[in-house]
Amino acid sequence: MTVDALPDWRAALPWPAPDAHKHARGRLGVVSGRATQTGAARLAARGGLRIGAGLVRILCPPDAAAVIAPTIEAIMLTPFGSIEALFEAAESLDAVVIGPAAGVNEPTQGNLRVLAETGAVLVVDADGLTAFEHRPAELFELLDRDDVLTPHTGEFERLFPGLLEAGREAAAREAAARAGAVVVLKGPETVIAAPDGRLAVNDNGTPWLATAGTGDVLAGMIGGLAAQRMDSFEAARAAVWMHAEAARAFGPGLIAEDLPGRLPAVLASLYAAHG
Ligand SMILES: NC(=O)C1=CN([C@@H]2O[C@H](COP(=O)(O)OP(=O)(O)OC[C@H]3O[C@@H](n4cnc5c(N)ncnc54)[C@H](OP(=O)(O)O)[C@@H]3O)[C@@H](O)[C@H]2O)[C@@H](O)CC1
Ligand SMILES: Nc1ncnc2c1ncn2[C@@H]1O[C@H](COP(=O)(O)OP(=O)(O)O)[C@@H](O)[C@H]1O
């Protein structure tokens, strides 16, 4: 990677100030699924921590706590047994990822509703999208302009049936306008659209990313940048590009678990260019 090849969002990347402390660097939450479905949240949490959020906390149903606790170190854990407890755990967070293996069910809808009442930027992925398949307007009315939806093609079709016939760029642009949030339409050429009309097409994708869990890591990375108060559209562009760059650096044999560990080298290149 050369400095000339670096994309224009790099000027907006958050780097720690000399007087930084972990809370000032951004607090990210990731909602986990039940005890048998915790891996996706852990992947997202690790992506968010590696990209620079100062503090990452997994918020989990009580039955999942004993499964998650032995698998994490720097990542923190807060079980919640009610939506009131979820609100309390999330209200001091800067961004929250919800959806990876969360469950396609009413509790996921309810969790999303209560998270929307906090000030946190929401990154809604996977089951957080699919849970609103037959009622997308109910999801959209919860969202603010800095929230981010990260559908793959199948999830996009569930929320915006037929829209892809307009082509991926036009579809993403219209989806962002309808949702009133940033839309990241994932695929070989991921399209990122903002509700104000901004649009970007990522150009460094790699099919090594076509493996389970890579989208979960991406959601965590976007959340990690948003927690550091990077503009959500720019955060999504930056995370999508860094995610692919990390995958390219690894190449054959890549699994989702490998991505966070490749981020420091990608970040180091960007930091060196930052001067
Ligand atoms: N470590 C973990 O714990 C992991 C947990 N995970 C979690 O598992 C849960 C369920 O995941 P999932 O894969 O069953 O659901 P989903 O992706 O909706 O696929 C269902 C159908 O949708 C379609 N489809 C899928 N992708 C498509 C595409 N790109 N483009 C077009 N179509 C696409 C495809 O339909 P088909 O083409 O087969 O007809 C497919 O059969 C979810 O919570 C997730 O977060 C994962 O994140 C992995 C790591
Ligand atoms: N052929 C491909 N070329 C480039 N990127 C891909 C390709 N297939 C998948 N990806 C990327 O891999 C990630 C997969 O995310 P997703 O479908 O949500 O998977 P999961 O739910 O298993 O995490 C997305 O970032 C997507 O853009």
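From the backbone N, Cα and C atoms, a Cβ is placed for every residue, glycine too.
Predicted automatically and left uncurated, TrEMBL annotations should be read as such.
Following the DSSP three-state reduction, the secondary structure of A40 ((6S)-NADPHX binding site) is helix. Taken from TrEMBL, the feature (6S)-NADPHX binding site applies to A40, H152, D216.
For E189 (AMP binding site), the count of additional Cβ atoms within 10 Å of its Cβ stands at 13 [all protein chains shown]. The secondary structure of E189 (AMP binding site), as reduced to three states from DSSP, is coil rather than helix or strand. If you look up TrEMBL, you'll see K186, G187, P188, E189, T190, G215 marked as AMP binding site.
Positions annotated as domain 'YjeF C-terminal' by TrEMBL: 5-270.
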Taken over the domain 'YjeF C-terminal' (5-270), the model's mean pLDDT: 97
Nearest of the binding-site residues (A40, H152, D216) to P188 (AMP binding site), judged by Cα-Cα distance: H152
Binding-site residues clustered about G187 (AMP binding site) [Cα within 10 Å; pool: A40, H152, D216]: H152
